[in-house]
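Report on one structure; see the data block that follows.
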Amino acid sequence: MSQDTNIPNGDNRSRASSGMRHKPERLEQCDWYWGNITREMVQEKMREAPDGSFLVRDAASSPGEYTLTLKKGGCNKLIRIMHSGSFYGFTEPLNYRSVPELITHFQKFSLAVYNEKLDIRLENPISKKLSSDLDTSVEKLFDALAKKELEFKTQNENFTVIHNYYSSSKNDVAKANIEISAQKQIIEMMHNQIQALNGYRTEITDVRELKELEDNYQLLSRRTTIQEQALTHIQKQLRDFILQVNDFEKQINQLKPQLIAIQRDRLYYNQLLLDRGIQGADIMLDLHKRSGLVTPAVESRSNDSDVNHYENEESVYMAVAEEDEDDAIYATFTALNYERREDEERRRRQAPPPPANPGTLSKTSPSYSQTRFQDKEPYDLPPSYPTATPRDSIVRPPKHNPLEEPQKWLVSFDRDEARKKLFESREGTFLIRKAGNPKQDHDDPMAEHQYTLDILHHKDVKHVKINYHKGIEKYGFAAPYEFPNLVDLVKFYSKKSLKQHNPGLDTVLTYPLYHQQ
């Protein structure tokens, strides 16, 4: 915490304000005031700015109010400047008679009095007088925009190809899981039939029937072996498909921020041309001549609707309501979860009767002389994924590795207590807690948010949903769900960075909360 956090109270501010009135300054005269500019232009001007850099612009949604954009921790923080009567400020009561007076005050004093994460002053104004954008010729702006259009087209085509491979691989994973389930049920049925044949041996006295039984027994045993080999082959294919999915997912996550950056540049140059008085139709016509392609993003101005929805920027409000578990902003994994639609009618047509078991065989099977093993192709079975169960989610491995000991990181805290504990810990410390209100995933109704991973990263606590998929009975942050229990998930991400899901979470699970106990 800096030494500038001792903010004067309202009365002192008023007296401080009265001491400044001999230097009246209109807002329009301030270098850091940019008027009605778009969020893309703000992002461009703040792109390489150091911490403490700031500018003020008109609020898009509230006439008469303004938005302060401040660089802190390498991110743009958006702070609303409120207006009531003839006074301005960040929160009630409003004590400043003008926006310049407000900004001047916090050029000397820290904003930490409002929000402890904003222990910084307004040190480096982004001056519009120093901007060289308006000195750039229209021709150069068109060249720059055409270049970005071509760049976006190329990268978008790459993204589409990789995305198609990704979707295809995910379908392969789903199909392999169904085939594995079917093979397991077929093998179980064959083993039950073998047991039934063994039971008939004690009942048969006729030599001819006994020979037929032995022949069928050998045939069934060979076919069971073939089915078991097929199961092993499909399981290997499934592992390969999962590796492909992870590889394509990583490529998608690398391309996504590049596309976002190019999109920002396109909107920025398009806005500069619009500000020069060039009509949108003329911009499109010129780009058609230069590149033969105009993508929809440049056809209209970006609608700057609300400072609360800036993409890739963090909105900071001085008065923060108490956060609810379900309303929390989670670290978003950018793995693309696509809706898996099943043809229920097809599944009903293909659904077989339940597999036989020794109990039902002994009660319902006719004598061996009335039965023969029939050589038929195995039928398709509906998906069933017999792997982990919820009670298997906590494993009790040896105590020499704290990552393998759930009691070191699985806690019964609520969200607030978890944040408090982690803020007192070192970087990379994590814990897992039960979700306050489990909910189904929007993309896959079979996946339910059961746990939350909390980790201290860059001096802030990130919250990550852990889903449990009821179909395949496994855990994970996103599809494909691969971990039969939480211990396996923790061990995997103690070596594998979370960056593969989110570029902003380049960290591993390093220290369990109770690793020293």
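Just so it is clear, glycine is given a Cβ too, placed from its N, Cα and C backbone atoms.
Keep in mind that TrEMBL annotations are predicted by a computer and have not been checked by a curator.
The annotation compositional bias 'Polar residues' is assigned in TrEMBL to 1-17 (among others).
According to TrEMBL, the feature compositional bias 'Polar residues' maps to 359-372 (among others).
The DSSP breakdown of the domain 'SH2' (32-126), given as helix, strand and coil counts, is 19 helix, 30 strand, 46 coil. Positions annotated as domain 'SH2' by TrEMBL: 32-126 (among others).
For 408-513 (among others), the entry in TrEMBL reads domain 'SH2'.
Under the heading region 'Disordered', TrEMBL lists 1-22 (among others).
The region 'Disordered' annotation in TrEMBL covers 340-402 (among others).
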Arithmetic mean of per-residue pLDDT over the domain 'SH2' (408-513): 87
For the domain 'SH2' (408-513), the number of residues DSSP places in helix, strand and coil: 21 helix, 36 strand, 49 coil
